[in-house]
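*Asks:* Can you keep this structure in mind? I'll have questions shortly.
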Amino acid sequence: MEIQILFFIIILVNISCVVTEMSLRFVIITENHETDLPQQIGSAIKQTEERKPGLIISDDVIQLDRENEEDSYRQLCSSLSQGVSVIVDLSWSPWEMAEELSSSAGVPIVRSLLGSQQFIEALDSYLESRNATDAAIILESEMDVDRTLYELLGRSHVRVWVHAGLTRDSAKALKNMRPEPSFYIIVGTSTFVTATYKRAVKEKLVKRSYRWNLVITNYGNIDTDMLVLPTFVLQSDVAECCKLLGLNEKCNCAMSFQKKQYIINNMVYYIAETLLKLDTDKLVSINCESSSGEMNATKEKFNQILEEDTTNNDTLFFWDSERYGLFLRSRFILSTFKPEDGLQRVAVWSAGEEYKLLPGVVLEPLRDFFRIGTSAAVPWTLPKYDPETGEQIFTENGEPVYEGYCIDLIDKIADEMGFDYEIVTPKSGTFGKRLPNGSWDGIVGDLMTGETDIAVAALTMTAEREEVVDFVAPYFEQTGILIVIRKPIRKTSLFKFMTVLRTEVWLSIVAALLLTGFMIWFLEKYSPYSARNNPDAYPYPCREFTLKESFWFALTSFTPQGGGEAPKALSGRTLVAAYWLFVVLMLATFTANLAAFLTVERMQTPVSSLEQLARQSRINYTVVESSTIHKYFINMKFAEDTLYRVWKEITLNATSDQSQYRVWDYPIREQYGHILLAINASGPVPDAKTGFEQVNEHPEADFAFIHDSAEIKYEITRNCNITEVGEVFAEQPYAIAVQQGSRLQEDLSRTLLDLQKERFLEQLSTKYWNESARQACPDADESEGITLESLGGVFIATLFGLGLAMLTLAWEVFYYKRKQKNKVQTVDATVEKREAFVEPKKKSRKVAESLSKLRRRNKKTSNIVKNVTIGDYFKPADKGVSYISVYPKSTYMP
């Protein structure tokens with residue numbers, strides 16, 4: 001009897017225990033990669049059971065295999081058939097099969113995030129506010145990479161590159177990524193973020209302000225001293241750690257804090273507590289094949305309780321009804337770091353809320369960054385050299401620094417459009433040509449592959465290039481092909497003016513002068529009407545035309561002042577008139593020929609056009625090998641051959657009218673074939689520098705260089721020895737190129753139009769093609785006067801005359817003194833000593849005749865008292881004396 005009573009008591013105790021216990025069953029979905037998660041879930045369930053006495057929670061973890069979802073679904077259905085209270089989805093992305101099953105069967109389902117997904121979502125909101133188009137995200141592990149990709153796919157508009165960790169290879173991949181990411185993001189614990197950022201600095205990836213964003217997923221801090229440029233830092237509030245621990249907001253969160261475990265602990269406890277509020281412990285078995293909403297009422301009530309309980313912002317979790325998610329209510333803090341200001345908060349918001357800045361905070365607009373391709377060309381893109389040392393300048397990364405027209409244009413466009421840039425030169429090729437395999441090299445190839453975003457160079461617009469890239473409106477429309485040649489060195493001579501007339505002409509002039517002088521003397525001597533032979537007809541003193549005086553008259557007649565007094569006889573005047581006419585004609589002829597000779601010499605050039613260059617054979621010429629100019633002549637030669645072949649087919653066709661088409665009447669002048677042959681004979685040069693050097697080495701102007709007109713004009717401003725020939729031909733504009741379909745095309749076109757209105761492009765042209773620099777050349781002005789070297793002989797002749805005059809003066813002084821000395825000696829020897837008042841001897845007959853002539857001439861003229869020379873002194877002459885003859889001098893005694 002006692003045994004039966006004891007057995008009955010035991011049964012009653014067991015029944016009472018069963019009545020007081022509450023049973024729940026969780027079906028939890030996880031990713032099959034997270035092998036440690038089942039153990040953490042088990043630990044969380046055990047902790048919940050300890051906190052809730054009488055609560056028994058059973059669980060079944062379904063590891064989702066994304067590559068074989070059918071097997072995972074069968075496992076889920078098998079688990080649900082054993083009864084379920086709630087489905088907890090901890091996978092990286094919502095599993096559609098589970099959601100459909102939950103919807104059809106009415107099983108409550110709760111999604112939650114245990115990793116860095118909420119930080120990624122918060123970061124995505126910030127990036128979209130900054131109009132980011134792409135970003136590179138560096139995470140701690142491969143699982144974090146997958147978790148992040150599942151979070152962003154289908155939800156973010158930002159193009160991302162995701163990688164686990166930063167190694168030397170991944171850093172190299174980041175450097176070579178095209179287009180270059182607008183933002184770089186490091187996501188992980190504070191220790192990982194610090195180490196990765198330092199590695200990025202070491203690999204020279206940190207180059208621009210505010211482009212690196214540090215996302216700290218734990219509750220640690222980073223050392224701001226390691227930050228080299230302004231940076232954004234995103235982290236959660238430390239108070240969240242205290243809430244997870246169930247402590248007050250002033251607790252200390254250890255670095256070893258297991259955030260994921262505590263989220264699971266609190267979430268399991270919170271879900272269990274909500275299920276207990278439903279006042280039902282009934283486990284419902286679900287048949288996946290015939291589910292009919294058995295738990296719809298439970299699901300609706302469950303969701304309603306969660307939504308009501310999480311309305312308060314102070315709760316640890318919040319309910320997202322659209323995603324059936326129970327997420328941690330993280331409080332995000334976005335700070336900006338500047339070396340001078342340190343960390344400063346700019347935005348604070350909670351998960352589930354919209355990103356917004358703090359009141360009064362305005363972030364600096366981020367400048368776009370573009371890689372701009374260019375290729376070396378004079379004067380468009382030139383390597384920059386140190387003016388002091390003459391060495392080429394390089395950047396910190398070892399890249400060469402450039403200057404030139406295109407660099408100045410890039411600077412101006414970047415300033416107008418507000419972007420930063422990096423100059424990139426092609427690794428192969430120059431401006432771009434199509435390769436046999438269909439690809440392109442050079443600048444065009446870099447645009448096609450995304451290596452560059454914009455191309456600003458001496459790039460011509462061609463139909464082939466327009467098939468693969470887009471061009472903006474031309475920025476330079478005056479380029480083409482031009483010929484450059486050495487300025488002929490004019491042979492200078494001091495007596496260059498003498499070369500105007502030939503030697504025989506000069507000899508004829510001298511002969512005419514001598515003959516005229518002799519004839520003047522001859523006519524003066526033998527003409528009865530000359531002043532010498534007819535003194536009565538000329539009562540005044542007249543010029544006596546001796547032989548010497550006649551030659552002097554003929555010579556001075558060539559001067560503007562004339563020859564002086566002319567002969568009196570009619571025959572002499574006739575001769576002089578004819579001679580003067582001769583002098584006038586000769587002077588006019590010499591002056592006109594001298595002016596024409598010097599003018600033509602200054603204006604003379606060996607050739608003046610491409611046609612003349614092709615028709616002559618004295619001047620050799622060349623081009624740069626395989627350049628666009630070389631290809632131009634090859635193409636034109638091919639065009640000439642094609643046209644001639646077509647013409648020959650027309651003329652030789654029997655059906656054509658032979659009177660209209662004849663082979664020998666070919667209407668096109670073939671010149672490009674001759675030009676190409678001459679170029680090949682001279683040999684194309686490897687570069688433009690060699691071409692200009694060869695031109696400069698030919699002072700006889702017998703070598704020409706055919707090249708780009710812009711480069712030739714630039715070189716002419718820097719080299720006084722060369723000059724351009726003819727007009728620019730084969731003109732083509734230079735334009736900026738972008739990738740096909742690029743949004744930059746319209747912005748660049750608008751900016752270029754604005755620069756044209758501001759005349760900025762004209763200023764650049766004036767800067768690099770400075771014509772005023774030619775003024776420094778010694779012969780820059782072709783209209784200048786005749787040089788001293790050309791007419792130096794005139795001055796030499798004058799100086800020679802001056803020297804001859806001084807020598808003549810010395811001879812005259814010497815002769816005069818010698819004559820005076822001889823005269824004194826003769827007087828002393830012949831003078832007779834006479835007494836006073838002795839009557840002198842009678843004058844000789846010759847002296848008497850001379851005195852008689854003078855007396856007769858004096859009677860016809862007015863009586864004028866004159867000073868006459870008597871001996872060595874001037875004495876007033878008596879009124880009765882008109883002339884005193886001193887002839888013969890040997891008989892004169894003072």
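Numbers run from 1 along the shown chain.
Each residue, glycine too, has its Cβ placed from N, Cα and C.
Keep in mind the model is a prediction, meaning the values are calculated, not measured.
Okay, these came from TrEMBL:
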DOMAIN    379-449  domain 'Ionotropic glutamate receptor L-glutamate and glycine-binding'
DOMAIN    384-771  domain 'Ionotropic glutamate receptor C-terminal'
SITE      ARG434  site 'Interaction with the cone snail toxin Con-ikot-ikot'
BINDING   THR460, ARG465, ASP708  L-glutamate binding site
TRANSMEM  505-523  transmembrane segment
TRANSMEM  577-600  transmembrane segment
SITE      VAL607  site 'Crucial to convey clamshell closure to channel opening'
DISULFID  CYS720-CYS777  disulfide bond
TRANSMEM  791-814  transmembrane segment
*Asks:* Which one is closest to ARG434 (site 'Interaction with the cone snail toxin Con-ikot-ikot') in space, judged by CA to CA distance, out of the binding-site residues THR460, ARG465, ASP708?
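*Replies:* Out of the listed candidates, the nearest Cα belongs to ARG465.
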*Asks:* Out of ARG434, ARG465, give me whichever of these recorded positions has the highest number of other Cβ atoms within 10 Å.
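*Replies:* Answer by Cβ density within 10 Å: ARG465.
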*Asks:* At the Cα level, what's the spacing in Å between ASP708 (L-glutamate binding site) and CYS777 (disulfide bond), rounded?
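*Replies:* Per the Cα atoms, ASP708 (L-glutamate binding site) and CYS777 (disulfide bond) stand 23 Å apart.
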*Asks:* Most Cβ neighbours within 10 Å: which of the recorded positions VAL607, CYS720, CYS777 is it?
*Replies:* VAL607
*Asks:* Rounded to a whole angstrom, what is the C-alpha distance between THR460 (L-glutamate binding site) and VAL607 (site 'Crucial to convey clamshell closure to channel opening')?
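*Replies:* That comes out at 28 Å between the alpha carbons.
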*Asks:* How many neighbouring Cβ atoms, not counting its own, are there within 10 Å of the Cβ of ASP708 (L-glutamate binding site)?
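*Replies:* The answer is 24 other Cβ atoms.
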*Asks:* Compute the C-alpha separation of ARG465 (L-glutamate binding site) from CYS720 (disulfide bond), stating it in Å without decimals.
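*Replies:* Here the two Cα atoms lie 37 Å apart.
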*Asks:* Between any two of THR460, ARG465, ASP708, the residues recorded as binding L-glutamate, what is the biggest Cα to Cα distance in Å?
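*Replies:* The two farthest binding residues have Cα atoms 19 Å apart.
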*Asks:* Please work out the helix, strand and coil residue numbers for the domain 'Ionotropic glutamate receptor L-glutamate and glycine-binding' (379-449) from the DSSP assignment.
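*Replies:* Secondary-structure breakdown of the domain 'Ionotropic glutamate receptor L-glutamate and glycine-binding' (379-449): 21 helix, 17 strand, 33 coil.
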*Asks:* For the domain 'Ionotropic glutamate receptor L-glutamate and glycine-binding' (379-449), what's the model's average pLDDT?
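*Replies:* Residues in the domain 'Ionotropic glutamate receptor L-glutamate and glycine-binding' (379-449) carry a mean pLDDT of 89 in this prediction.
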*Asks:* Could you tell me the C-alpha distance between CYS720 (disulfide bond) and VAL607 (site 'Crucial to convey clamshell closure to channel opening') in angstrom, no decimals?
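*Replies:* The Cα atom of CYS720 (disulfide bond) is 19 Å away from the Cα atom of VAL607 (site 'Crucial to convey clamshell closure to channel opening').
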*Asks:* Within 10 Å of the Cβ of THR460 (L-glutamate binding site), how many other Cβ atoms can be counted across all chains shown?
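*Replies:* There are 16 such Cβ atoms around THR460 (L-glutamate binding site).
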